[in-house]
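Working notes, beginning with the structure itself.
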Ligand code: SAH
């Protein structure tokens, strides 16, 4: 079953962009997923092909018209979830990404200017999704983020290299840090334990580093997941 992505945008020429290379690009070429970028402007209803208008209540910028957006959505709607990139949406999580990747695909609306007429969300059951607490100039890069995260989870895309199960966020923790040769570089060495060949010790070290680094860098993850079991931040087990 192919994961089908439809992106509704004022700039379809931005796609596939980065999604056309590396893992996602190969999977696209192989038909593991499909991508169609459609111009919202094709659904404009006046002769000037207008897609936006000034904000009700006044203020700067322009707002994407709900009638035009609805026509663009209705032309492709087929049961796949309809999402809109928006800083007002729920922050995207790996759990939501997994969910989406297990489905048939997604229809993704990309905003520009001040964003969308709010009425579109209820009228077409559109799910607003944010990629983080900062403002982009448009939803296209956000849509690429969302699709990249989904596509790498599709069967066969990552190969045997990683099931992804130990990766950051999959466990509610950040992943442990990685090292590779050379063993010594600019006076810095790979932690001894990783060279010990003792798999139990290595697993314990990695678990501890996951917990420690998450506490230090992302305390919000610890509270969100009800606290990683066991152990205080342990400088003792940490090798520099
Ligand atoms: N005035 C809006 C921001 C508009 S930015 C506000 O303050 O909420 C223009 C478009 O960029 C948005 O419609 C959205 O599609 C996209 N965008 C900006 N920041 C984003 C973010 N953090 N996540 C997802 N999409 C974003």
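FYI, residue positions are counted from 1 along the chain as it appears here.
Note: Cβ is positioned from N, Cα and C throughout, glycine not excepted.
These figures come from a predicted structure and were not determined experimentally.
Neighbours of residue 135 (S-adenosyl-L-methionine binding site), defined as other CB atoms within 10 A of its CB across all chains, total 6. In the three-state DSSP classification, residue 135 (S-adenosyl-L-methionine binding site) falls within coil. Annotation comment: TrEMBL describes 111, 131, 132, 133, 134, 135, 136 as S-adenosyl-L-methionine binding site.
According to TrEMBL, the feature compositional bias 'Basic and acidic residues' maps to 216-227. Residue counts for the compositional bias 'Basic and acidic residues' (216-227) under DSSP, split into helix (H, G, I), strand (E, B) and coil, are 8 helix, 0 strand, 4 coil.
The feature compositional bias 'Polar residues' is assigned by TrEMBL to 231-240.
According to TrEMBL, the feature domain 'tRNA methyltransferase TRMD/TRM10-type' maps to 4-223.
Annotation source TrEMBL lists region 'Disordered' at 216-240.
On its own chain, residue 136 (S-adenosyl-L-methionine binding site) has 85, 87, 142 as residues at least 6 apart in sequence with a Cβ closer than 8 Å to its own Cβ. As a whole number, the greatest separation of Cα atoms within the S-adenosyl-L-methionine-binding residue list 111, 131, 132, 133, 134, 135, 136 is 16 Å. There are 7 other CB atoms within 10 A of the CB of residue 134 (S-adenosyl-L-methionine binding site), with all protein chains counted.
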